[in-house]
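Encoded as structure tokens, the structure appears first; notes follow it.
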Amino acid sequence: MDGQLGFDGENSLAPCLIKNFFEQEESSSSLKDSGRETRSDLKVCAVKAGSMMSLAIDNVGGLWMWGNVPPQESGSEPRLSFTSIPIPFPIPEFHGRTVLKVECGDEHVIALVGPGEIHKDNGYDESVVYSWGNNHHGQLGLGDKESRAKPQIVETFNQNSGFAVYDIACGAHHTTLLTYRKETPKGPSICWTFGFGENGQLGHGSTKSSSIPEPVSELPEHAYLVSVDCGLFHTSVVSSEGYVWSWGMERGLGLCPDVSFTEMEAGDDSVPRKISGGSRFRDPVQVSCGAAHTVLVANGGYKLWSWGRGRNGVLGTGNVIDCYVPTPVFWPNELKPDKEEVVPDAGKNSSTEEIKQLETKLMVMERYASILHGSIFGKPFNEEEDIPYSLRVSGYFDMGKEWGEILENADKSQLMRLQAFYEDMIGRIKDKVLQRRIQEIMKDCLQSSAPKH
């Protein structure tokens, strides 16, 4: 409807080639003068999609847009009337520059732009942040709420600022950037946010919006943040040590309707909240936010965790329930390949398949244990100290004994969380016979583990 598919025509249920991607007039090309690359050598190196617009960066650093985009005529007004352009066009303001990264929200764009020739050692140090689009909540970071049709430099991060921006993210109406001080490129990170703050997604300890970038002061001073992303109304970051913080709507989980938090825990988080009670995730790679859920890539890329709203199966956990603590995603977790190629034989193939099946079963067990443990203690079952004592010592798990100890040691909030989990589980089971059977089993377990007087 808004041209975001990159061609003029009806909606499409199948992938369609964007034939006219580089077939613009020579006068409008961002590469007109150069000869750095001929047109036939151009290729797409990165793509990004917002709610109704799409962007692409080519291999010489040019930025292209299409869909529901800011009007191309100059001037500004409090609220831009966006234009539907169904064919990709280059952004002329970045002619001769190199766009390193680009992000977009509902109606605003943030671009990290370097000089014409980028070297890996100093590319971010020489970069500048540009923003344009709707600015009704100050999401452009320009110190006012006037919208811009053309890219404008965010002066907080100009070349003389002393800060190097290395990651950017956009929510629906807010923006987040990660920086380091230029004199300490591997030093501690500073997370900056600006724009719409009504749900605490700026992390500034209030629900006020901000039109200028402000640091998120409650994050650890010495942490190096490897990744940041924004949902519609929440923000998440992950540090090199494997800690994850989120803030914004519904305790930083995003849009989670009908959440079963206790009354004391409900509400938005306006300061960073350490996810999963401060558990560390080994070798974190990236954090990514959907509208109302978050996914973390850890273990060097071999394991995925997700949490937030689970409808439509977006969490990848095998069901559609909401998860309030990180839960392992069903991932095929292939065995790491050997460095040298080995000629396979039937026996080895059989053993490999058996190992894969066992790994899949183990992943199911891990996920189940994580859900149960997380519902009681607020963190996933992924640490050795969480393994019941009777199982560690004897290899035999006395369920009644361990269940009794959990109930005895749990405080009121933990018991309420367990009750909410149980009621939610019962509520999702439609079969009355199965529902009654589960209630009977739970009753038997509680009675068998009750202290004898």
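Backbone N, Cα and C atoms are what each Cβ position is placed from, and that goes for glycine too.
The structure displayed is predicted, hence computed values, not measured ones.
Per TrEMBL, the feature domain 'RCC1-like' maps to 2-330. Annotation source TrEMBL lists repeat 'RCC1' at 61-115, 127-181, 189-241, 242-300.
Counting residues per DSSP class in helix, strand and coil order gives 0 helix, 24 strand, 29 coil for the repeat 'RCC1' (189-241). Residues in the repeat 'RCC1' (61-115) partition by DSSP class (helix H, G, I; strand E, B; coil) as 3 helix, 29 strand, 23 coil. In the repeat 'RCC1' (127-181), helix, strand and coil residues by DSSP number 3 helix, 28 strand, 24 coil.
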